[in-house]
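According to Swiss-Prot:
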- 25-45: transmembrane segment (TRANSMEM)
- 65-85: transmembrane segment (TRANSMEM)
- 114-134: transmembrane segment (TRANSMEM)
- 152-172: transmembrane segment (TRANSMEM)
- 184-204: transmembrane segment (TRANSMEM)
- 226-246: transmembrane segment (TRANSMEM)
- 262-282: transmembrane segment (TRANSMEM)
- 291-311: transmembrane segment (TRANSMEM)
- 352-372: transmembrane segment (TRANSMEM)
- 382-402: transmembrane segment (TRANSMEM)
- 410-430: transmembrane segment (TRANSMEM)
- 434-454: transmembrane segment (TRANSMEM)
């Protein structure tokens, strides 16, 4: 968020300052955005020529596969994401949930089209988690496997070292990564320069590899090998893992720095390295054992293993941080139960830590590493989540082009037809790998999709039941002031999800305690379909008379509601002061009771009730002092 503001401000700064700011943002983006796609050379080409595919290591096949890799990067990364998808920003924010919110804005939320788009967006988010458990596993494992080439007698330590690195990576998350994060950019710049240099060294020795730029070789390879070539597409897509991060992280850096980094360093370095690996294979087909590490001279192997390991840790960090951010967005948009979200930096708003997500990710990743044992075995599981998200992004972007930008439908149809042909081709090729490991991200995505849709549907039913039984707030307050109960000193704040209805906690308090505080505030938090809400637009309040106030605080889906900040702003507006330790917070503790009423099947209602019971307490989520909270129970039948 702060980086984007600086990028905008730079436009008004002197030219040298603007260049420096843009360069700094581009380097920072290289450290965060491009880690995943930048470490793909470790395993992509090796997997494309897997013995299971039955593709002979002839010069023609090598040129064909390298040509496929090259044009996949150009079409998907260079054109689709960088030129088209990144235009579809939601107030500067990218990512599948932000894109979904943008595509839904011009539509009636009750239509089937809106429902289908919402489901697509949520499924895309769920598939990200399927990718998030594989990226750290395959990236770190493939880097550590370089030991098998550098020092073969240490090959038995690959698995233990991988596990130790992953545990350490997740263990430090709670302390934040701001300190070491400053090194990510320069280290990844070194990584891209190194892999480019390794590629150039071998291209110079076999310059004929540059013929693969001609798409004829890709087309010829597909025509000659047909089904085998289509299976290879499932491995070619590994060069695109992380492409979605270009769009998802746009809100942190801005589109221009990401484009500068991609076109200026990342894409050229990746292309040079892949062409270098191809040149090496033409010279020495036996190098398919590990074409990336065998690019290096013998003296450079161990340094390359170390640099690769650091680069894959950085790539994993980007995915982990992305999982935290996506979870936080989903919580605010109402698709996920409340979870404890901790801010690990006072300066960077995006630096957050979600303990539940952290330890669940580590558990699943360790199970994957121990179960699959090598990056070769895991490669089959990689790709299906990425390609599914790519297809969903294309569909949602098409809706934005037509409904939000009002582009010509024929033009949009032509553009999207090309993108979908590529995306669906890759997705179909990955479906062939379901039995070999593709079931893993699909299963994770499907399970999460079921849970998220159950939560969303359940919350909708709860709101309907509450609204049906609710009492309008304004007339109730007028009646309350006309016949007031006993007033007691102090401030009471009633947190409520609907500022039009009387909070259940107030009804219970009046029923049992028969008192009303001299200063009573009804506080409602609302999440908008934009990432951030301006401070001057955040809060509205109205005086209902008699010391009663109705306050509505709006937040973007990238923000965390802040009770203390809301009360401070309200106090400034109404010339009041608040002390949290002298304020009583009244909350309704809802107990969901599954029934046979219309809504969901009884077993889904039980799942929802379990999720509801295990959601983080409002006191934890809103950072309210626990000893200042009064929870009043209420049962809701669904």
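Count begins at 1; order follows the chain as displayed.
Each residue, glycine too, has its Cβ placed from N, Cα and C.
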CB contact flag for the transmembrane segment (382-402) and the transmembrane segment (226-246), at least three pairs under 8 A: yes
Ranked first among 25-45, 114-134, 184-204, 410-430 for CB pairs under 8 angstroms with the transmembrane segment (352-372): 114-134
For the transmembrane segment (25-45), distant same-chain residues with Cβ under 8 A (at least six beyond the ends): 3, 6-7, 65-66, 69, 77, 135, 138-139, 142-143, 181, 183-189, 191-192, 195, 235-236, 238-243, 245-246, 249, 252-254, 257-258, 260-262, 264-266, 269-270, 273-274, 277-278, 281, 291-292, 308, 311-312, 314-319, 321, 375-376, 379
The transmembrane segment (184-204) in contact with the transmembrane segment (262-282), cutoff 8 A, at least 3 CB pairs, sep 6+: yes
For the transmembrane segment (65-85), distant same-chain residues with Cβ under 8 A (at least six beyond the ends): 37, 44-45, 48-49, 55, 94, 209, 212-218, 221-222, 232-233, 236-237, 239-240, 243-244, 246-247, 258-259, 262-263, 267, 270-271, 274-275, 277-278, 390, 393-394, 397, 415, 418-419, 422-423, 426
Range from 114-134, 152-172, 226-246, 291-311, 434-454 with most C-beta pairs under 8 A to the transmembrane segment (262-282): 291-311
Range from 152-172, 291-311, 410-430, 434-454 with the greatest count of C-beta pairs under 8 A to the transmembrane segment (226-246): 410-430
